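> Mind having a look at this structure? Questions to follow.
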Amino acid sequence: MTTKTELSPTARESKNAQDMQVDEVLIPRKVPSLFSARYGIALVLHLCNFTTIAQNVIMNITMVAMVNSTSPQSQFNGSSEGLPVDSFGDLSKAPKSLSAKAPVYDWSPQTQGIIFGAVGYGGILTMAPSGYLAGRVGTKRVVGISLFATSFLTLCIPLAADFGIVFLIITRIVQGLSQCSVIGGQFAIWEKWGPPHERSRLCSIALSGMLLGCFSAILIGGFISETLGWPFVFYIFGGVGCVCCLLWFIVIYDDPISYPWISTSEKEYIISSLKQQVRSSQQPLPIKAVLRSLPIWSICLGCFSHQWLVSTMIVYIPTYISSVYHVNIRDNGLLSALPFIVAWVIGIVGGYLADFLLTKNFRLITVRKIATILGNLPASALIVSLPYLSSSYITATALLTLSCALSTLCQSGIYINVLDIAPRHSSFLMGASRGFSSMAPVIVPTVSGFLLSQDPEFGWRNVFFLLFAINLSGLIFYLIFGEADVQDWAKERKLTRL
């Protein structure tokens, strides 16, 4: 489908004219990006995403130590204190340093799935409102307050688990509200900081922090759980989040005009590159037109299907390696983390590659769809092949690493597509699309936990085939209806103001 798009240069003359107009603005005023303020903003967002996702993911690796079994028949009583053992009950291999330091709970796979999914409930409720609020009151306030809230709640997780499963689920739900506000609220900053032909790399740098967070949480979480006990995983990452929150309030400003450490040339470059865009806060959102927009729905469904893939990998990689290959928690953390550090590199490179293709006169829609195809189809196909090709945990890790790395290419595709089609309303619509996709992290653990408990022999195959079917459906819908030109309902508001 992307080839067909490339061979019709006259079909969208207005779109090409728009790209040429942006180029005319950007080229003469371009300044070096190294050590520039806008890339400093991207790096700070990188750190915030690192912290937020690390706090989200640590439950996935500590769960191995918290229950000490991935099977429904756990041999431990709820909240019993004792010596945590390997995932399959080998007491002789239990680390002595964990003695009497961490409680162990008797949670079935279905209960674990509810705990995993609880943090995602908030995303459905807060992604779109946080994006809208950030467009109104500023990204600095929305993200900063939310980052502090999720860090504080991370510190409270061990206490909530001791109080009982209900308290733990409630804490995770509230934590999800805060985490999703960090993610949904951050995109508004690129309305004022991101030159159009640099948004792929800026967003990739910022969003790749999530991958580094996954890597660090899964890797370090395993070692901390084994040496200090799983509660210290939450204490450490919660403390890191509080420090990151302080840095956020010191360094971040909502626009380049008020930024005290930006050069005059860079400020003029950013302002001139964005001068044809009107801020969403100055215009009412045409709700009816948005709801009728197939490109918007294609983004929402495409993001949902991709999040189903990502959520399955993040939540179930540690459990899959532990249950299938009988790997202890320390080695499990290392093997589960490896795919995410490779994906971190690929995600950043993918952003630069997307912007490079734009400088070579590739159409914007072509670049977005190529990135989306490469981030979905090969990744989900590799996951489906796991039960058939993984003769050892080394093979499985290699397949998971390649799948996870390719999936990050979507950062330069479907995830920033809203900035292309409705830049003046992007803060709300980015949050809305991410909020719609946040249903996947809620549904995936519950559905996957049910499939695994119902069919122990073929449960993983069922989980992976369902992933592939959903991922492919969302991709096809996006390829048919996805666009990259500014929509009519986004243009008309600008014309009336002139």
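Placed from the backbone N, Cα and C atoms, the Cβ positions cover glycine too.
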> So which range, 114-135, 290-311, gets flagged transmembrane segment in TrEMBL?
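Transmembrane segment, as annotated by TrEMBL, spans 114-135.
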> Which one of these stretches, 39-58, 428-451, 463-481, has the most C-beta pairs shorter than 8 Å to the transmembrane segment (202-224)?
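Per the Cβ under 8 Å count, 39-58.
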> For the transmembrane segment (428-451) against the transmembrane segment (142-161), do we get 3 or more Cβ-Cβ pairs below 8 Å once near-sequence pairs (under 6 apart) are dropped?
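No; fewer than 3 Cβ pairs under 8 Å.
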> Determine which recorded stretch among 39-58, 114-135, 230-253, 394-416 has the most C-beta pairs below 8 angstroms with the transmembrane segment (337-358).
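Answer is 394-416, with the largest number of Cβ pairs below 8 Å.
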> Short question: which residues 6 or more past the ends of the transmembrane segment (370-388) have a Cβ under 8 Å from it?
2, 302, 305-306, 309, 312-313, 320, 350, 354, 357, 396, 399-400, 402-404, 406-414, 460-461, 464-465, 467-468, 471-472, 474-475, 478-479, 482
> At a threshold of under 8 Å on Cβ distances, which of 39-58, 114-135, 394-416 pairs most often with the transmembrane segment (230-253)?
39-58
